[in-house]
Amino acid sequence: MLLVLLLLPMCWAVEVKRPRGVSLTNHHFYDESKPFTCLDGSASVPFDQVNDDYCDCKDGSDEPGTAACPNGSFHCTNTGYKPLYISSRWVNDGVCDCCDGTDEYNSGIVCENTCKEKGRKERETLQQMAEVTREGFRLKKILIEDWKRAREEKQKKLTELQAGKKSLEDQVELLRTLKEEAEKPEKEAKDQHRKLWEEQLAASKAQREQELATSAFQELDDDMDGAVSVAELQTHPELDTDGDGALSEGEAQTLLGGDTQTDAASFSDRIWAAIRDKYRSEVLPTDLPSPSAPALTEPKEEQPLGPSQPAEEEDEEEEETEEEEGGEEGEDEDSQVPGEQPKETPPPVVPPQTVSPTEEDKMPPYDEQTQAFINAAQEARNKFEEAERSLKDVEESIRNLEQEISFDFGPNGEFAYLYSQCYELTTNEYVYRLCPFKLVSQKPKLGGSPTSLGTWGSWAGPDHDKFSAMKYEQGTGCWQGPNRSTTVRLLCGKETVVTSTTEPSRCEYLMELMTPAACPEPPPEPPASGNRDEL
Amino acid sequence: MDAAEKISVEDEAVDKKIFKDCSKIAFYRRQKQRLSKKSTYRALLDSVTEGKESTRFQIINEAAKVPLLAEVYGIEGNIFRLKINEEAPLKPRYEVPDVLTSKPSTVRLISCSGDTGSLVLANGKGDLKCHITANPFKIDLVSEEEVVMSINSLGQLYFEQLQIPPKQSRATKENEEDTSDDTTQENQEELGLWEEKFRNFVDVKDNGPASIGLDFSLHGFEHVYGIPQHAESHQLKNTSDGDAYRLYNLDVYGYKIHDKMGIYGSVPYLLAHKLGRTLGIFWLNASETLVEINTEPAVKYALTQMGPVAAKEKGRSQTDVHWMSESGIIDVFLLTGPTPSDVFKQYSYLTGTQAMPPLFSLGYHQCRWNYKDEHDVKAVDAGFDEHDIPYDVMWLDIEHTEGKRYFTWDKKRFPNPKRMQELLRSKKRKLVVISDPHIKIDPDYLVYAKAKEQGFFVRNHEGGDFEGVCWPGLSSYLDFTSPKVREWYSSLFAFSVYQGSTDILYIWNDMNEPSVFRGPELTMQKNAIHHGNWEHRELHNIYGFYQQMATAEGLIQRSKGKERPFVLTRSFFAGSQKYGAVWTGDNTAEWSYLKISIPMLLTLSVTGISFCGADVGGFIGNPEAELLVRWYQAGAYQPFFRGHATKNTKRREPWLFGEEHTRLIQEAIRERYALLPYWYSLFYSAHVASQPVMRPLWVEFPDELETFSVEDEYMLGSALLVHPVTEPKATVVDVFLPGSSEVWYDSKTFAHWEGACTVKIPVALDTIPVFQRGGSVVPIKTTIGRSTGCMTDSPYGLWVALSTKGSAVGEFYLDDGHSFQYLHQKQFLHRKFSFTSGVLINSCADKRGHYPSKCVVEQILVLGLKKHPSSVTSHSPDGKLDGFWITAQFLT
């Protein structure tokens, strides 16, 4: 820099004589009074072989101004713009590479000198960039401060929560004990109640059986002699046991337990049980209770779920969540506690319907005493569960806070503000949505469900500039291809906005996000006017 | 990602079941069944008439009763043509038009009847004869008293004469004897005479059975080549039962290798070679064709023979070639050689030579399905400059169009195609865009509406426009077999008609087998109707040929006849070389596909199609860096050099695989550009002298048996031997250097070897084993620019590799690289270099040509000098230096 400045007056005054394609800095290597030594020292040639369109030096340094060497460099001064080295193979190839056109001195084409224009544009751009960087960096400092504060607050809250958690835990334990204590008498009372009822049921069932046996006996006892004989039994061929469709004498006798007849008492005690399933009453229809009678029904505390119900509920649930997304913003904010993955809302608790069994065999309501026990236990349970829920909430808040506090938001936490935000970009076909540190998605503009382009993976900039890019991975799988993934490049800007989304390789997306957080510290003082390097 | 994928070939074509094997082809079954019954033909020699051009006679077989008409023609350049047709068919049978360049000049054959029952037709000099035996009918091709080929010696002549459809002919049919076995339902199904089923498709044949077949026995031949396109070895293999080489143009995504099924194009032309003679059989038929090959090696005969005379007589090897086609006539050209070079000339005399490509098309082409938008194109283009990798052509696949409507641009992605082309033009680069034969059915699409209105589409069996599914969805297919349709299609390329096109835009014809996604075997129904009421079955294999023809013509016309076209086609037929380049379709990014690219391209090359290539990197899948590098190295030495990748692959521009691999790819592409003067001269030789650019070793060393089966290396012209590395992690390759009197020089290390040996060449990842043959001069460019256009004025070098006798010769061709002025105004330079006794002479090889050039030869490399030269002088006649002169500096 200093050297260049010192040389300045001279340059303005006279054109420094130097071979074509040689930069000012190198011109002293090309002294026409001496043989030329290749810059790599590999050879030495008479000076008139410099730029004679034949390559002598391995490094191409003898032909900076011709295309003779495969590896030479041509220097364009580009006055008004930036100086530039181009491959010397591009000299006189009919393409204007230097804005001053000096690379095409013998190809028959005329290159316009565009350096001034380019320099002007470049300066404008640089100025704009500098302005953006300054402003961006100012904002970045605020962001850093904000995060520092927010982090402290969060830390404080975390400490509070951790303390609160302890007492909550104690309370949960206490309530658990109370609940268990209240449940003991409840269980005893309920068991007692059930036992009574079961006994009652059994008795009434036995009585019904007895009645059936008696009536069957009476039917069978055709001669009404108070005893059923083999012959009488044979009038009921459905009682056939060997499957030949008729009840033989022998079979009948076997049914009668080897006797030729039976009286009413032993009929109902021993024989009725064996034949009741096959026995067809002569008086039709009889309402014989089937032996596989319905299981005992009792009031249940939980709603029994029919097989089709869960599916319906899921549907409902989806609808509900969608609605939630659409409207209730207040809740949205709540549920989007930093660090929390959007959680599935638990299925709404359907109030237990009071079952109204239509059958007679319904357990009678609990007596007052039992019901009181139940109520007490239920209250204890509710209290316990409530406490447990609040503990879980606290634990989750702690987890989230810990996660957020320990998250790598850049060297000074400048990217933290992106944590709970989402940004969208609408293109011709899609709406792209970037929720930094969470996910990227793509949704067709004309409706349709969103496709995941990846969830947060890691910082993905090069080693020296790790925070210049983010990687989102494991998105929806591609047909015959990889899972979708997205790289987000972070660019310095005054505002936070997604500026472009492309898909350079199939299912590998590239997004650009402007953010003040990506603004580097501007040089201490903006350069005065014009850049001295750009002669 | 989008609708196209849902209807793409990808999900279907990988399934081989959707393509037929021989057992599913009715005419194959019929010929096999009938030939097993042996009913022989005999020639009625008393019917011989000698016309002005041909000698005609009838042949008849006992079963058929109705005689066939055979015609034998003598054609200039030692070619015989045999035509067999019905004497009076119910309606004309299809004879393939437009393939023969012009009506071949016939030479009068002198008939000298042999003994009774035979007829001898001789050419003027009497060194070539057709010896026709009457019963059983047979033709022997005799060259200098040696029978080199026999036709129908196995009695496989087969000809189904056209019949009246069964419903109309029921009454008359009763008394014909051989109909009885065709009548049962089962038999009808088996024979597929009037109807043939395949999967869900029913092919209703209004013309009924019409297939033909004939056998050729090649005496003393064990090596046959040609009949592309198959993903198979260069030397044709024996076919087992039911596994014939199939010629039927099909869109086979990710085709299986080492398979005889038909893929994108067909050239029904077979070459046979033995020590001392090369022959060609050109079977001019565009319907589905099967070729069976059976080689009996010599040993097998010799061992069974007793006496030495008998052994000599019978001990000859023989290759039998059996051609079968579904329809048309027998029209076969016998190319008698005797050298490979003669056969190439004979074949190109019939079908034309390789079109002279514009110079840019010999550079590197960068393609991908798809460069997304103008911005993407700009970035990729800049990438090449940034990494200092030369390239000439940017390609755009189907996504550049508005909904796959060819001749349009997607306005969102490519809002300003002219601006994009100006960017490319500023670097002297070009653009190629795709144009397929299917036209989206959309009344608002002008191309469709116009074609529809004028009845330019192929029609279906019922008479309406044929409709099939392809990229745009439901589409109709232009009937390129009609001259009117071709003329109209050509006119669409006019700059005023093709919006957004400029003179640096060239064309790529894809899917022109034609590919029809839901059609039988992914192609068009055979009973679709073309111009002249011909069924698709008659001309299926030539459909793609016609599209490329019309496209090339369109590009010529848009420049008012001044500029050479460039058109790449996937489907092709005999003669496609006249219209541009061909590539091997949808290959896969696997080492085996890199390896098979060499025999596949050699086969195309010997059948006239010199401008051929395989997608570098493999179209399907993601190549590892090593494979990609090796593929670039191989591709740099193959005629058409294009990197291409399908839609669901990762990006693979040359600089995306790390610095080291970028450098290796850059190096390979630069080698290509350095050799461009040689490539261009070779293409000129293909263009004017019919010699393939890429040559199997047997072509250059026809007297060396060991070369006949080599397919892992080849010659580029006659000077360079290339042995690409096609194995992963290779550290050494075995290179066979042919020719006992030859000397070979490693093109990089200049190490040299005597010929007729196999040498182990150590290879690193940057090694491309290339050897220069002693006795040759190879012109090169000493400086590489960013595109061929940027290298016009850059200097030349000469690689002079001396033979064992200390001499070398070579040629060099130069013209403006893009126009027809070389042809019409003789604006070209054709020089000859010869080095003898320490003097390199640069002389004119063609005095007709003149072309001013600023170029100099700045470097001459002489390999194999016995002594270090003490001094070097240059001399020019009259002290006047012509446009092309030498500033000599010897490097040894």
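Every residue, even glycine, has its Cβ placed from backbone N, Cα and C.
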Feature coiled coil in TrEMBL, mapped to one of the ranges A:41-68, A:181-208, A:377-404, A:461-488: A:377-404
Residues in the domain 'MRH' (A:420-521) grouped by DSSP into helix, strand and remaining coil: 9 helix, 57 strand, 36 coil
Counts of helix, strand and coil residues, the domain 'EF-hand' (A:208-243), according to DSSP: 21 helix, 3 strand, 12 coil
Remote residues contacting the coiled coil (A:377-404) - C-beta distance under 8 A, at least 6 residues beyond either end: 154, 157-158, 161-162, 164-165, 168-169, 171-172, 175-176, 178-179, 181-183, 185-186, 337-340, 416, 419
Confidence summary for the domain 'EF-hand' (A:208-243), mean pLDDT rounded: 81
